[in-house]
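> In case it helps, TrEMBL gives these features for our protein:
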DOMAIN    17-262  domain 'Nodulin-like'
DOMAIN    327-535  domain 'NFD4 C-terminal'
TRANSMEM  21-40  transmembrane segment
TRANSMEM  82-103  transmembrane segment
TRANSMEM  154-172  transmembrane segment
TRANSMEM  178-198  transmembrane segment
TRANSMEM  210-232  transmembrane segment
TRANSMEM  244-263  transmembrane segment
TRANSMEM  321-348  transmembrane segment
TRANSMEM  400-418  transmembrane segment
TRANSMEM  424-446  transmembrane segment
TRANSMEM  508-529  transmembrane segment
Amino acid sequence: MAELQSCGLARHLVTGRWTSVFASFLIMAGAGATYLFAVYSSDIKKNLGYNQTMLNTMSSCKDIGASVGIVSGLIAEITPTWFILLLGSLTNFVGYFMIWLAVTGRIAKPQFWQMCLYIFIAANSQNFANTGSLVTCVKNFPESRSIMLGLLKGYVGLSGSLLTQMYLAIYGDDSTSLILFIGWLPAIISLLFLYTIREKEVKVKQPNEVSIFYHFLYLSAALAVFLMAMTLTQQRVNFSATAYMASAIVACVFVFLPGVVAIRQEVLLWKQIREHPNDIIIEKLQPDELQQNPSKKGEEPKKSFFADVFNKPPRGEDYSILQAIFSIDMLIIFIATLVGLGSCLTAIDNLGQIGEALLYEPKTVKTFVSMISIWNYSGRVFSGFISEILLMKYKVPRPVLLSAVLFLLSIGLVMIAFPFSGSIYVASLIIGFTFGAQLPLVFAIISEIFGLKHYSTLFNCGQMASPIGSFLFNKELTGRLYDREAKKMPGLGGEKNKVCKGVQCFNLSFKVMALATLIAAFVSVILVVRTKEFYKGDLYKRYRGESYIKVEEQEKKKDTTAAAK
């Protein structure tokens, strides 16, 4: 009997909702390899003889791969979560491994289009990680989706600094080895949790659910502070191999501490299930099933895939994929994402060249790149938690924060267009923060307006605009203008590797992006007006069954009794 109970507890721990959240944190912590492109891009440029336009083209392919998640979303509609994670693991390793072989000269120099394909495959792998873990967690915690999105994307934001600390401990200051490292580590993490991350029925009501997320927030914030401290210290102090190893070990301890919280919650739930069976919610009826129940009375004829495309349900109900794609709300989100994320990606990918053009020290430039991850994290958790607080307490529509973030981003871009002493520090903070803040807001807005039935596909559709923006702003605008200015400076880097020095290198391109971002901010205000009444209602009412209400009443009675005593 004891052995059966132990087996049951073990299975509960491995497959529980909170364990799944912790596993998702780990996967997200390894899913931000695309943000490290600026660290090893100089190795690609130097070893393969690329110019800035070619490098920016590779960067755009990376951004396209990272954002075109429609394939992973559609696959997730018909396959289990473990299969999505497995595909992500394989594509991540294959893509980065081929890039590493090319850069280190272990294979013949590939054609340029092949390098673009490799980095597209590698970057696209993060969509499988996102779809497998992020979508699953949102469906497991529908009433805390914004907080969940903020935390998960926050770990992605930290991953750049975290992976940097770990690769320095293992490989030293060898940026080519970083390419190999970001190939094998995220792949292994996904493989380890194939069985853990899955959609779960909510069987026990937890009144302290939000407080548990705050515990996760505090631990992730501690990790962010530690990584920031290490990044700044390493800029001023030459670390030994032992010091790098110690730093990486402490960082890993912070990464695994949320696992203690998750295991503790699973054990408490296990005891509650065994000791208080009356508090168990047998099965929570999903919103889709609730809607389908009335239709069981009579058979309805099958509808075409294109039926009711323009006959949309009310906001908050489950839209079909085409109904969402062809809606005005999605068009506004598309424009905001195209300009907002596109300009952010362009700025982040060119930080190395911006620092070089403005005559910053190489070590300082690396600090900018690493600190972007910290500000990225801050923006993600801030938008996730603050937007939820403003919405729940004051009924402030979530798109309001999206508009505010875009206005702030335009200021950061202006600071690069018209640099002054130390402006790149402030600009990198603003750009990193606003880049991080946009994603949880966009993902939460999509889930709230269009429902969760096709969320795995729709949230990937929502971010498809960012690679278009990256291509336009990065390759067609910034890359071409940089090379044009570089041609005016003979003798810097040679014919194939031209280098531009001075304010003029990025002045015009960033002025254009700042203006475009300002326009996008005003466009997003239209979404605020359109959804104002929708956000005044109870967004999550449809996800609460009668059993939730019964347990909440039981909890209130217990609190009243305890207070009386």
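The backbone N, Cα and C atoms fix where each Cβ goes, glycine too.
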> Check the transmembrane segment (424-446) against each of 82-103, 178-198, 210-232, 321-348, 508-529 and return whichever range has the most CB pairs under 8 Å.
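Between the stretches 82-103, 178-198, 210-232, 321-348, 508-529, 321-348 has the largest tally.
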> Which value does the mean pLDDT take for the domain 'Nodulin-like' (17-262) in this predicted structure?
90
> Name the range, of those listed as 21-40, 82-103, 178-198, 321-348, that has the largest tally of Cβ pairs under 8 Å with the transmembrane segment (244-263).
21-40
> Taking residues 6+ outside the transmembrane segment (321-348), which of them lie with a CB under 8 Å of any CB in it?
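For the transmembrane segment (321-348), the list is 35, 38, 63, 67, 305-306, 308-313, 315, 354, 369, 372, 402, 405-406, 409, 412-413, 416, 427, 431-432, 434-435, 438-439, 442, 445-446, 449-450, 454, 457-458, 461-474, 477-478, 509-510, 513, 516-517, 519-521, 523-524, 526-527, 530-531.
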> With Cβ-Cβ distances below 8 Å as the criterion, list the same-chain residues six or more beyond the ends of the transmembrane segment (178-198) that contact it, or say none.
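Distant Cβ neighbours of the transmembrane segment (178-198) are 14-15, 19-20, 23-24, 26-27, 29-31, 33, 36, 39-40, 43, 80-82, 85-86, 88-90, 92-93, 95-97, 99-100, 103, 122, 125, 129, 132-133, 136, 163-164, 166-167, 170-171.
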